[in-house]
Amino acid sequence: MSNRKYFGTDGIRGRVGNAPITPDFVLKLGWAAGKVLARHGSRKIIIGKDTRISGYMLESALEAGLAAAGLSASFTGPMPTPAVAYLTRTFRAEAGIVISASHNPFYDNGIKFFSIDGTKLPDDVEEAIEAEMEKEITCVDSAELGKASRIVDAAGRYIEFCKGTFPNELSLNGLKVVVDCANGATYHIAPNVLRELGATVIAIGCEPNGVNINEEVGATDVRALQARVLAEKADLGIALDGDGDRVIMVDHEGNKVDGDQIMYIIAREGLRQGQLRGGAVGTLMSNMGLELALKQLGIPFARAKVGDRYVLEKLQEKGWRIGAENSGHVILLDKTTTGDGIVAGLQVLAAMVRNHMSLHDLCSGMKMFPQILVNVRYTAGSGDPLENEAVKAVTADVEATLGNRGRVLLRKSGTEPLIRVMVEGEDEAQVTAFAHRIADAVKAV
């Protein structure tokens, strides 16, 4: 990955108006991608976006670049990231492109590619696109230029796909659900999916205006959802992020239910139904309570590096079907190819209905350990804090004290000069003190 100039672990992302998220760069990216993808045969590309105002500008730039390379673009309009992956597969398109910065504020945006089978583009294709970016743009002959069209029934197709992942013999009749769409790409999808399955739906975060995506709503800020669930005396709340690939839930008492708990519920239900193949994949940040709860059920558990890309890689390596991050990325490979907030939420609802249990009760088999995270800023030129002997000594001392009833994790942020210090254990006061003790050692470097 180190030789990449533009592609990160999750496509290309940045502040709108600053390189690389500028109209001229994105036009050239469209052209370069078009040149590479045209070698593979199909000349159709699916393009979706979330609700950011900059999406209009960037999809026009992509369209021009692709057309110059001789590829035609089919636009979905605002559409969740997993929906674009699904539509890319069903239309047999050469690739899908999503214009989104997921859970980031509106002033950021990004470009992410899906391959013909709805998974991330292979590394060699990304590298070939980067190589084309170094060349001058050339236009194909006029008769060969690409066209643009709109997929008018994209939302309806995806709504039916989501409903198809919910067991036919079950219904959501009698359930009152608050759904928070983060003023993002699921605003016209998620409420309809839930209503058509029989739920009484109260929708919030469903009034996008181009600049309010993820603003005090959605999976990264569930306070509005918690308040509304309690006010409406709802059975539960579902929060999606701006592009619909994350889900966080709220039980009828207003308690947050994160990605670890959601995976626990889905894995346990899969085991009960005899449908669980292998184990479950979490990340280095997954709560120790998840690991212990799965162990009690006899379900194998493996940790991947933080990032849904790495969860997917670990699933493929082990041949397992279910993985998640505590942030709410839940990957269910027996249902779809990528993290899908709506689909994951539906599997939890199915477990509630089938077992006649509340979300609160479904979570009760898993005891969450207190997990304290402290971010410490460091100066890039002052040496690597993770290699510092004093930091190592304090960390080893804390680990020895915790034994097998806790964990310590130190890692660098992928985007900022931060060291993330995470300490987990049974006693919140103790782990808080330990986390700050290690953080102080990092600061002293």
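If you go along the chain as it appears here, the first residue is 1 and each next one adds 1.
A Cβ is built for glycine as well, from the same backbone N, Cα and C atoms used for every other residue.
Swiss-Prot lists ASP241, ASP243, ASP245 as Mg(2+)-binding residues, and of the candidates SER74, SER102, SER115, SER382 the one it assigns to that same site is SER102. Contacts of ASP243 (Mg(2+) binding site) defined by a Cβ separation under 8 A and a same-chain sequence distance of 6+ are given as ASP50, PRO80, THR81, VAL98, SER100, SER102, HIS103, GLY184, ALA185, in order along the sequence. Excluding the listed site residues SER102, ASP241, ASP243, ASP245, the same chain places ASP50, PRO80, THR81, SER100, HIS103, GLY184, ALA185, ALA219, LEU240, GLY242, GLY244, ARG246, GLY339, GLY341 with Cβ atoms within 8 Å of the centre of the Mg(2+) site Cβ atoms.
Just so you know, the Cβ of ASP241 (Mg(2+) binding site) picks up 34 other Cβ atoms within 10 Å once every protein chain is counted. For the recorded positions listed here (SER102, ASP245), the lowest count of other CB atoms within 10 A around the CB belongs to SER102.
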